[in-house]
Ligand code: 48H
Ligand code: FE2
């Protein structure tokens, strides 16, 4: 068996540090920043990266995927109503039709394949990175985000008072799901008012999510469950078609806005 190449601690640390520094520096300024790496954020990121948009996705957790690993009630099967299963064909995820127009796929397979296809398309990800606040410009236009490391963000102030940093973009997409964290920052300042998610009603919910996906405030777009939280659209429970198609829609709107 061949021996490993001779390289030790300093070479390994230098490789990590220089590569991270170069990537970080490049993404201090992006066309689009997506906050949240669940299904809607990942699809948005994939679609934007495919069109050569410079796009950065921020995720508070170490892992990507949000709620897409599981269907509901800890059952790891995810569902899609026609026509959203077509996106699974695009990213190469197998599924079966269970009821008329209702498709089921394996959560871990669908989720990991979506993550991989977004990264393959050129999406850049900063994980363990928590969105804290918005950067605001003239007329309260959103011009970027304020971030910190997730573990730093959760330390009590007596332990570490570490200021966050700001990074800039032409557009920000709130894909933080039920938390609607970016939208909340604008609401706290009185720029808009949200309704909170509606009760569960699958048949009504999903078309409304797509209709209301898009620009919410200058510089800010919303996708996924953040749309339900913002406009009071009924929730859809454990089915993911509208998360996928909302991610696709928000990417189209973002590309229009950038032009
Ligand atoms: C960085 C953050 C921050 C922050 C949160 O919850 P998600 O899966 O969101 P969606 O909208 O893509 O999908 C929603 C879906 O999973 C779901 O819950 C459905 C369909 N529910 C229906 C119902 O009736 O309940 O992912 C959001 C991601 C997560 O990975 C978070 O960790 C991340 O955003 N996030 N990232 N900074 N401040 N807050
Ligand atoms: Fe949910």
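Cβ atoms here come from the backbone N, Cα and C positions, even for glycine.
Going by TrEMBL, these are the annotated features:
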| type | residues | note |
| --- | --- | --- |
| BINDING | 40, 67, 163, 225 | NAD(+) binding site |
| BINDING | 163, 178 | Fe cation binding site |
| BINDING | 235 | glycine binding site |
(message) Distance check, please: Cα of residue 67 (NAD(+) binding site) against Cα of residue 178 (Fe cation binding site), rounded to an integer number of angstrom.
(response) 10
(request) With H, G and I counted as helix, E and B as strand and the rest as coil, say where DSSP puts residue 225 (NAD(+) binding site). (result) helix
(request) Across all the protein chains here, work out how many other Cβ atoms are within 10 Å of the Cβ of residue 178 (Fe cation binding site). (result) 16
(message) Below 8 Å Cβ to Cβ and six or more residues apart, same chain only. Which residues does that give for residue 225 (NAD(+) binding site)?
(response) 38, 40, 177, 178, 180, 197, 235, 243
(request) For residue 235 (glycine binding site), name the DSSP secondary structure in the helix/strand/coil scheme. (result) strand
(request) Just name the most isolated of the binding-site residues 67, 163, going by other Cβ atoms within 10 Å of its Cβ. (result) 163
(request) Give the helix, strand or coil assignment DSSP yields for residue 67 (NAD(+) binding site). (result) helix
